[in-house]
Amino acid sequence: MEATVAAPFSSFVTSTQNSSSSPCSLLLSRKNLGSVNLRFKSRLSVRASSTSDSVVTLLDYGAGNVRSIRNALRHLGFSIKDVQTPGDILNADRLIFPGVGAFAPAMDVLNKTGMGEALCTYIDNDRPFLGICLGLQLLFDSSEENGPVKGLGVIPGTVGRFDSSAGIRVPHIGWNALQVGKDSEILDDVGNRHVYFVHSYRAIPSNENKDWVSSTCHYGESFISSIRRGNVHAVQFHPEKSGEVGLSVLRRFLDPKSSSKQKPEEGKASKLAKRVIACLDVRTNDKGDLVVTKGDQYDVREQSNENEVRNLGKPVDLARQYYKDGADEISFLNITGFRDFPLGDLPMIQVLRYTSENVFVPLTVGGGIRDFTDATGRYMYYSSLEVAAEYFRSGADKISIGSDAVYAAEEFRKSGAKTGKSSLEQISRVYGNQAVVVSIDPRRVYVNDPDDVPYKVIRVTNPGPNGEEYAWYQCTVSGGREGRPIGAYELAKAVEELGAGEILLNCIDCDGQGKGFDTDLVKLISDSVGIPVIASSGAGTPEHFSEVFETTNASAALAAGIFHRKEVPIQSVKEHLLEKSIEVRM
């Protein structure tokens with residue numbers, strides 16, 4: 001968090017209030033609203049603030065990536081006042097609560113600080129409020145996430161997990177369509193276009209809460225995607241990560257009288273879109289500059305006398321260009337992996353910070369997410385959770401774990417028990433599994449018979465060099481340099497159990513070849529797990545994207561070199577997918 005920004009209220013947790021009861025259910029009881037409200041207002045009264053119309057009060061309880069909403073607000077011309085006491089909530093002209101992470105820890109902080117009580121008063125007085133993601137879910141009576149856990153009790157209903165038995169992948173990650181009701185106000189400029197969701201839990205419309213619902217979204221079933229009553233709004237999606245459409249939502253909340261200068265072009269969003277992701281492999285070159293590079297089967301050096309690192313551009317500049325070009329997400333992979341001191345890699349952290357200032361789609365970062373001891377002289381121990389926290393504070397929405405997830409999966413398969421100590425388990429427990437991507441780097445190993453190895457073997461479309469009809473996919477670590485005794489299938493199943501929310505599926509054999517994704521591998525993994533799978537390695541034409549989406553259950557496809565070298569524009573890929581009747585965000 002920037003030094004110029006006041007610390008969020010989670011830094012001031014000192015109260016020991018009992019968290020077993022929801023603040024609003026106690027203080028705003030529907031059965032005895034009048035008398036309770038009088039007692040409540042005698043303790044916490046709301047008075048008009050004298051702050052400028054350009055100030056937004058932000059309720060940051062210290063979990064996940066809140067930098068993105070800060071950047072979006074500044075981009076729209078607003079300054080930010082952080083909540084430090086309950087009184088800051090009560091005196092706010094407009095309040096935004098960007099909830100990130102798990103339900104129970106958030107409610108615990110709200111209860112212990114007295115912020116929950118202040119929120120209930122603020123909302124009951126119909127003050128301008130916008131909750132985002134968890135900031136919507138906390139308004140309901142309770143949640144089943146690690147519970148039941150009581151919520152604020154403002155809206156009737158229980159927040160439950162998506163039902164994966166309905167054939168959907170959980171978490172719900174990606175760009176989906178809204179079914180907007182009347183009088184939604186802040187959604188007036190959405191124009192039937194996609195917005196970005198990332199969550200495993202949802203609230204269902206009912207007769208008891210129907211008067212609150214301003215829009216729904218369909219994902220296996222209809223769930224509440226936004227609520228509105230008077231000046232109180234909340235959305236399940238992330239406007240700060242929904243591009244220009246999301247910025248329009250924030251703009252309408254901050255200035256209800258405003259609207260786009262021209263009517264937004266009507267979109268054709270109807271369901272969850274397939275995602276096209278731009279990947280930037282980042283490392284220092286021999287001169288010490290941080291550059292975007294691209295490997296040929298993971299070799300990033302030019303085949304020349306100088307043998308220099310291949311330089312395809314500056315990370316921040318390319319990321320901003322891909323955002324303008326329509327990339328649905330941007331992934332930074334630090335391929336030098338913070339070998340000695342991850343938290344000391346200030347250039348990469350700065351890349352995240354600068355990128356998030358003007359790029360309003362999800363950002364993923366990977367490389368060196370693990371426990372480590374600082375070898376620079378202080379020999380201090382840092383947990384993977386601390387490394388991830390710094391990334392989140394710097395603008396990352398998701399963390400990609402590679403080698404460390406392989407070691408954790410091997411140990412899990414060997415012992416059959418979860419330790420709770422791996423980076424994968426720690427980060428998913430605190431930030432939710434939707435914040436954790438596992439990057440798998442397998443290499444194809446051909447065999448003559450499926451019984452030759454103790455790993456999942458498949459019949460491959462293209463036989464091996466000696467006519468072999470079967471292959472297994474051996475996982476590697478350390479940037480593909482070391483093979484491990486575990487297959488991609490076994491690894492994918494294990495990391496899903498350990499808390500991964502998404503899999504980034506590479507293939508060393510296809511990397512940099514431009515001949516298409518390894519659809520045999522993608523189909524194997526995407527058919528075997530219930531979490532989203534991102535196909536990676538091998539894209540060379542728009543047709544390769546349609547092929548992987550038509551023949552496998554991949555949720556997204558990622559490319560690097562063809563975008564960096566301007567061989568295939570992102571927009572050309574999306575136009576081709578539309579021609580093939582594959583839903584994408586335009």
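The backbone N, Cα and C atoms fix where each Cβ goes, glycine too.
Note that this is a predicted model, so its numbers are computed, not measured.
If you look up TrEMBL, you'll see 1-22 marked as region 'Disordered'.
Residues or ranges marked as compositional bias 'Low complexity' by TrEMBL: 10-22.
The domain 'Glutamine amidotransferase' feature in TrEMBL is assigned to 58-253.
Among the features that TrEMBL reports, L-glutamine binding site is placed at C133. C133 (L-glutamine binding site) has a Cβ environment of 27 other Cβ atoms inside 10 Å.
The active site, for GATase activity annotation in TrEMBL covers C133 (among others).
Here TrEMBL flags H238 (among others) as active site, for GATase activity.
Annotated active site, for GATase activity per TrEMBL: E240 (among others), in sequence order.
What TrEMBL records for D281 (among others) is active site. In the shown protein chains, 24 other C-beta atoms lie within 10 A of the C-beta of D281 (active site).
Residues or ranges marked as substrate binding site by TrEMBL: G368, N506.
The number of other CB atoms found within 10 A of the CB of D441 (active site), across every protein chain shown, is 28. Feature annotation from TrEMBL assigns active site to D441 (among others).
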CB contacts for N506 (substrate binding site) [other CB atoms within 10 A, all chains]: 29
Those recorded positions of H238, D281, G368 having Cα within 10 angstroms of D441 (active site): none
Nearest of the recorded positions (H238, E240, D281, G368, N506) to C133 (L-glutamine binding site) - Cα to Cα: H238
G368 (substrate binding site) to D281 (active site) - Cα separation in whole Å: 13
Same-chain residues at least 6 apart in sequence whose Cβ lies under 8 Å from E240 (active site, for GATase activity): S68, I69, N71, A72, P98, I132, G246, L250, F360
